[in-house]
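Participant: Below, the features straight out of TrEMBL:
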BINDING   B:Asn60, B:Tyr63, B:Glu64, B:Cys118, B:Thr153, B:Asn201, B:Arg206, B:Ser217, B:Ile218, B:Lys219  Mo-molybdopterin binding site
DOMAIN    B:80-235  domain 'Oxidoreductase molybdopterin-binding'
Amino acid sequence: MRDRLNQSLRHLPTWVVYIVGTLPAPWLFYQGLTGGLGVEPIKALEHEYGELALQLLVFSLAITPLRKFAGINLLKFRRAVGLLCFLYVTCHLMVWLVLDVQIPGQIWADILKRPYITIGMAGFLLLLPLAVTSNNWSIRRLGPLWRKLHRASYVIGLLGAVHFILLVKGVQIEPLIYLALIVGLLLLRLPTGRAASSGRVRRQGV
Amino acid sequence: MAYRWTNDLTHADVTPRGAFLNRRQIMAGMAGLGLSTMAGRAQADDALEPNSWEDVTSYNNYYEFGTGKGDPADNAHVLTTSPWSVTIDGLVDRPGEYDFKDILSEMTIEERIYRFRCVEAWSMVVPWNGFELSDLLAMAGVQDGAKYVAFETLYRPEEMPGTAYRVLDWPYREGLRLDEAMNPLTLMATGIFGKDLPNQNGAPLRLVVPWKYGFKSIKAIVRITLTDEEPPTSWNMSNGREYGFYSNVNPEVSHPRWSQATERRIGGGLFAKRQPTLMFNGYQDEVAAMYEGMDLRKSF
């Protein structure tokens, strides 16, 4: 079963992932234009893009544990997932800048003054170098440094979840689920997790 | 209570845009005949465009039915709103459980077109139907020692899926100082657009305090208590740093997470522009005197 899945995944070209993953961006924008996102489309669009970005972030962080613990190999798609995440974070940010806040003087003030925006912005800035180095040339060029650099995604995941928790009113369940997922996926990377999976696969002590 | 409040928003603010433009043309014609004061009035009204039934009934904060803006419209239809009774107790002459129908039979329903401003920096113009809270309080007989009015929303988990999560400490609670409650602007709404309140808008009976952020306008009221102490209120209990007891609309006092200087009118589409927020949501003349001598940055 697992082998058959991996087999078919091997035959799935990455360009399919890029195309399918990009389509929701213009589709959601069109929905916003034509009333499909309700009577306050700016906030709805901002939220949709942000949530998709967070889901892609969770997915990208799940790829390594999936291979380690379930034997499902999605490594080939990790770059696509990461870049799509960057695309949606950028869309989310653009909606906030251009459609939501609108007032240039207020943008910088908001970044400095409001923790959830500061944290969101930090996440975006950390994501930038990862997106820029998501190509074969950079991997060759940076060598071992590339792996270290891309561990920033752990921090970005946490920033994204905290950003969501802080922006909602009251204690809401949905952003807490994202945080739990991200923390869980990061815990699976702890050395004990690695030891348990090395050699004979013993699923314990995770 | 020295006067009864009259609308400064008119039917022009709720009629469809086409009809509204016709009216403007008529007014322009009248101006040509020398009726310039009326034309001036029409121009002042131009600043506000009507919100549609869909805007008002599909975009709601009502966490008992979910935290998404569309959740109340999706989930609130299961709420039983009849029979309904309201307990009025505390420092009143005639405490008791009042049947909603009996209350209605005593009250005169009128239309009030108010600006509605959410703490999240969006706004609407809503044509409410209802009666003045002061009339209801007069019915119960407010005693001398009363200084505050506390309100409570229905808490019925089997009909309110949102209460499965402790987003807030249910039941939802709100409160006003007695003079705020007695202000002629303070409305107990029973309808919108001349129809009964839809459940997502707080049926069958909700408060409307148009110069305060929307969360003060508590929905589905089942208890009104007159007290001599400032009552605990839900958002203030949950996060006192962000939500004060007064929560007057104030463009100069920034919420920790949202600037309150500007707002966006719901229904403007993807490219809606922000507009400046008015002090006390535009009701400064009617309510500012109640806060004289108070530091509204501290008592926010």
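Backbone N, Cα and C atoms are what each Cβ position is placed from, and that goes for glycine too.
Because TrEMBL annotations are produced automatically, they should be read as predictions rather than curated entries.
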Participant: Tell me, by DSSP, whether B:Thr153 (Mo-molybdopterin binding site) is helix, strand or coil?
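Facilitator: Reduced to three states, the DSSP call for B:Thr153 (Mo-molybdopterin binding site) is strand.
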Participant: Using a Cβ-Cβ cut-off under 8 angstroms and a sequence gap of six or more, which residues of the chain neighbour B:Asn60 (Mo-molybdopterin binding site)?
Facilitator: B:Lys69, B:Pro72, B:Ala73, B:Gln200, B:Asn201
Participant: So if I measure Cβ to Cβ from B:Glu64 (Mo-molybdopterin binding site) and keep only same-chain residues at least 6 apart in sequence, which ones fall under 8 Å?
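Facilitator: In sequence order, B:Thr153, B:Leu154, B:Tyr155, B:Met160, B:Gly162, B:Thr163, B:Trp170, B:Tyr172, B:Ala220 meet the Cβ cut-off.
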Participant: If you average per-residue pLDDT over the domain 'Oxidoreductase molybdopterin-binding' (B:80-235), what number do you get?
Facilitator: 97
Participant: Over all shown protein chains, what is the count of other CB atoms within 10 A of the CB belonging to B:Thr153 (Mo-molybdopterin binding site)?
Facilitator: 25
Participant: Three-state secondary structure of B:Arg206 (Mo-molybdopterin binding site) from DSSP?
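Facilitator: Reduced to three states, the DSSP call for B:Arg206 (Mo-molybdopterin binding site) is strand.
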Participant: What are the sequence-distant neighbours of B:Arg206 (Mo-molybdopterin binding site), meaning same chain, six or more residues apart, C-beta distance under 8 angstroms?
Facilitator: B:Met188, B:Ala189, B:Leu197, B:Ser217, B:Ile218, B:Lys219, B:Ala220, B:Ile221
Participant: At a 10 Å cut-off from the C-beta of B:Ile218 (Mo-molybdopterin binding site), count the other C-beta atoms across all protein chains.
Facilitator: 25
Participant: Using DSSP, would you call B:Asn60 (Mo-molybdopterin binding site) helix, strand or coil?
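Facilitator: Going by the DSSP assignment, B:Asn60 (Mo-molybdopterin binding site) belongs to neither helix nor strand, so it counts as coil.
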